[in-house]
Amino acid sequence: MNRIVVATSNPGKVREIEEALAPLGWRCQGLEGVPLPEETGTTYEENAALKACAAAMATGLPALADDSGIEVLALGGQPGVYSARFGNLGNDRERNLHLLEKMRHQTDRRAKFVSVVVLAYPDGKLEEYRGEVEGQLLEGPRGDNGFGYDPLFLPVGSDLTMAEMSLEQKRAVSHRGRALAKLLAAHTSY
Ligand code: IMP
């Protein structure tokens with residue numbers, strides 16, 4: 001396999017996926033106009049498969065999609081699979097402020113990120129990899145790298161938020177880095 005479609009319109013995810021998969025030497029192409037389906041699933045697995053299958057069918061190439069989210073213990077696991085739509089707000093900064101507001105006065109700040117990566121083939125075959133990272137939410141943002149809730153999230157054992165890390169540092173600890181490491185291991189042993 002030498003060419004895959006990266007089925008996401010999130011530039012932050014594209015950067016992380018391309019960096020993590022570089023050792024495989026695959027050529028990663030973007031969606032190039034292929035529309036992604038609505039995320040109608042209720043699990044990361046369903047939504048990742050929906051996106052990857054749609055892109056594989058439309059292009060005739062293997063397609064990789066990530067579905068991910070942040071689960072906050074004190075909020076009963078919210079926003080989880082709905083993280084991109086949290087509060088029906090327009091951008092990451094507004095969603096971060098909304099989360100901080102919901103967590104005001106909350107002393108239990110434990111949270112985890114989850115990523116499910118699906119590689120779908122045009123013949124319908126699917127591979128699925130899951131990664132998680134536990135940590136806690138800060139009371140204000142720190143750092144300019146990454147995307148989404150990264151500035152608020154301090155992984156267990158780290159002094160840096162995920163927005164203070166380089167791509168390489170984030171890959172080593174993050175949910176997506178862990179899911180992609182499993183994909184890498186599976187394809188390196190072929
Ligand atoms: P989706 O997988 O496109 O449905 O969106 C996942 C959403 O979860 C993103 O828009 C972010 O808000 C959040 N998210 C997922 N992964 C990360 C991450 O690595 N850092 C920060 N936020 C993330």
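Any Cβ shown, glycine's included, is placed from N, Cα and C.
In sequence order, E39, G41, Y44, E45, N47, A48, K51, V81, S115, V116, V118 are the residues of the chain that are 6 or more apart from D67 (active site, proton acceptor) and have a CB within less than 8 Å of its CB. TrEMBL lists D67 with the feature active site, proton acceptor.
According to TrEMBL, the feature substrate binding site maps to T8, S9, N10, P11, G12, K13, S68, F147, G148, Y149, D150, K170, H175, R176. Remark: S68 (substrate binding site) has K13, Y44, S83, F113, V114, S115, V116, H175, R176 as non-local neighbours, by Cβ distance under 8 Å and separation of at least 6 in sequence.
Taken from TrEMBL, the feature Mg(2+) binding site covers E38, D67.
Cβ crowding, taken as the number of other Cβ atoms within 10 Å, peaks at T8 among the binding-site residues T8, N10.
If you count neighbouring Cβ atoms within 10 Å for each of the binding-site residues G12, G148, the highest count belongs to G148. Among the recorded positions T8, G12, E38, D67, the residues whose Cβ sits under 6 Å from any atom of ligand 1 are D67.
Neighbours of E38 (Mg(2+) binding site), defined as other CB atoms within 10 A of its CB across all chains, total 9. Binding-site extent for substrate: residues T8, S9, N10, P11, G12, K13, S68, F147, G148, Y149, D150, K170, H175, R176, maximum pairwise Cα distance 20 Å (rounded to the nearest whole number). Counting in whole angstrom, E38 (Mg(2+) binding site) lies 12 from T8 (substrate binding site) by their C-alpha atoms.
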